[in-house]
Every structure is written in C-alpha cells, then in structure tokens.
Amino acid sequence: MFKRRRNPKGLVLNPNASVKSSDNDHKEELINNQKSFESNVEAFMEQCAHMNRRPAWISDLDNSSLEVVRHLGEGNGGAVSLVKHRNIFMARKTVYVGSDSKLQKQILRELGVLHHCRSPYIVGFYGAFQYKNNISLCMEYMDCGSLDAILREGGPIPLDILGKIINSMVKGLIYLYNVLHIIHRDLKPSNVVVNSRGEIKLCDFGVSGELVNSVAQTFVGTSTYMSPERIRGGKYTVKSDIWSLGISIIELATQELPWSFSNIDDSIGILDLLHCIVQEEPPRLPSSFPEDLRLFVDACLHKDPTLRASPQQLCAMPYFQQALMINVDLASWASNFRSS
C-alpha cells in the first residue's frame, strides 16, 4: 500500500560533495530548533516536577479496599478493570506473576519508582499490591480509552490531532528516559491513552524488568511494532522505541499497518511479517500526507539504529515544532470517545 524507495543500482552519495545552500538553510533550521528545545527542556522538567493534578500515592490499597465497577478489557498480559477506592475511580491491571514471594516483592520494589513520576504525558500511578499469585497495578483512569480503540471507532486520526498526539508521545518518551531512566519497550497505539480533558499519556512501559518477564505477551502483537535490530536479537535501546513510534504514526494516520497479512495468526504470516521488517525497505507514508510529517516518520524508520533519530532530534524537526504551535481543542475531540 505504501510507496517504497528502491535503489536497484546501489547508488550512494559522494561524502565529499559540496552542500547546496538550501541544505545549509535546512541544517541551520534544525540546529536552531535543537537549541530552542534544549533551552526549554529544563522548564518542561520543572513544570513536571510541580504538577498539582496527579494521582496521590495510596498506601492502604489492597484487594478488599477496591470495588469493581466493570471490566475494561485485556491489557499486556493481564485483565484491566475500572475500580473504585473510596471516591476515587482508577484502572486496575492484574498480572499473574506466580507464587514466588521473593519475585513478588522485587516487582513491587521496582514499581516504587513510579512514586516519583510527575509528568502530564505519563499515566498516573496510585500504587500496587500483591494478591494471591497476582500483582495489581492501580493507575489513573483515562475515560476515553486507548488510541487503538479510538482508531477502530473513529477511523484515521485527523492531522491536527495527530500532531498533538505525536508531541505528547515524544515528550512522554523523553520524560521516561531523562527522569525515570526507563525504555518503554512496548510503544504502540494500545499503550497510549486519552482522557476527556484531552490529555494524551503513555502507559504499560517497562518500569519493572521482572514484571516484563512475567507478562505473557503474544509474539505477533509485539513484533508488529518491533524494530529490525530487535528481531535480529540485538539490544533494546531508545532507538528501538523510536522505530515503534514511526510504525504507530503510520497506523494512526492511515488506520493500517505497513505490513498486513490475512493469515497473520499462523506461523507463515508471522515469518512473512518478520521478513518484511528486516529485509524490506522501511515503510513510508503516502505522498498525499504533508512533506514535513513524511520526513518525520522517515527519521523514525531508518533500518540502521545509528542513523535513526533520537527523541531530542525529533523535537528539533520542523513538523514537531509546527505541531507545538497549532491550537487544537483536544478535549472536544476526545469527548467523542468518552466511555459511558
């Protein structure tokens, strides 16, 4: 469905060739944008540190203190329910981890880092507790659901809304890396959630290595957004999250994944998918989309992770900067998908 760049003659650019003035202008613009981002990043972190509206840590959370309102669905490796604690509604995710008490305690310790999470782009965390052979994570309830569900209900995301979603996703990743020192590891539309205030936040990130190991994820669901280096068995890095971001943007913009197979549930379909990710040229947005957006996605989807953009470099790109400046009523858009 996407035009793919072909280079059958193996042409390469001359590294000693002179740079055109237009290229110099573009490079200067990127440098200026990068400086602008760097000068504002401290203010952004300061804003996060002084957030007033965020879930407070609740020390007495346990299974008996929660009233189950309704089942919300299945998350990565666990069931998610809307629950009520006193007058607070929250989303509880229950993950089976087994009967090893040392493992359970280690997971709860690792989750403790979320006490310090103060970002408008990361879903709030009330606390976690062990019950039988499960760990329950109690999080901020986002009443408009995930981008995955919104995409199914509403179709491709409007371009002005998409820009704001990308702004929020990249800022969320930067907060995870710079403040919590966490790599997301499973970035995709189903792990980006929205509320009726128009806030867009990341969830289900890999804060606990042991919990990640305990979660039984299907290989297909994960591999769809997986970077080529991860499929080859390479190390997971920040750049792997950026690849997943690029694939997610294509899906949100077109309501289609770059590689689709009718028999994706069988082993042949999975192998075809993995072959495409590793061997085929990177997917691109169709030419009908704005050039700045297409260049932004291209920067996310270099096969070589050393050439792939970092989160900071993405922030310096013209598309990201332009999306920041556009005023969009996200709350009105999000209210169309509010859960009853």
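Numbering starts at 1 and runs along the chain as displayed.
For all residues, glycine too, the Cβ spot is worked out from N, Cα and C.
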Examine the ranges 1-24, 217-240 and name the one recorded by Swiss-Prot as region 'Disordered'.
1-24
Do any residues at least six apart in sequence from V80 (ATP binding site), in the same chain, have a Cβ closer than 8 Å to its Cβ, and if so which, in order?
H71, L72, G73, E74, A91, R92, K93, T94
Helix, strand or coil: which one is L72 (ATP binding site) in, per DSSP?
strand
Return the count of C-beta atoms lying within 10 angstroms of the C-beta of D186 (active site, proton acceptor), excluding that atom itself.
22
Tell me the Cα distance separating D186 (active site, proton acceptor) from G78 (ATP binding site), rounded to the nearest angstrom.
15
Within 10 Å of the Cβ of G78 (ATP binding site), how many other Cβ atoms can be counted across all chains shown?
22
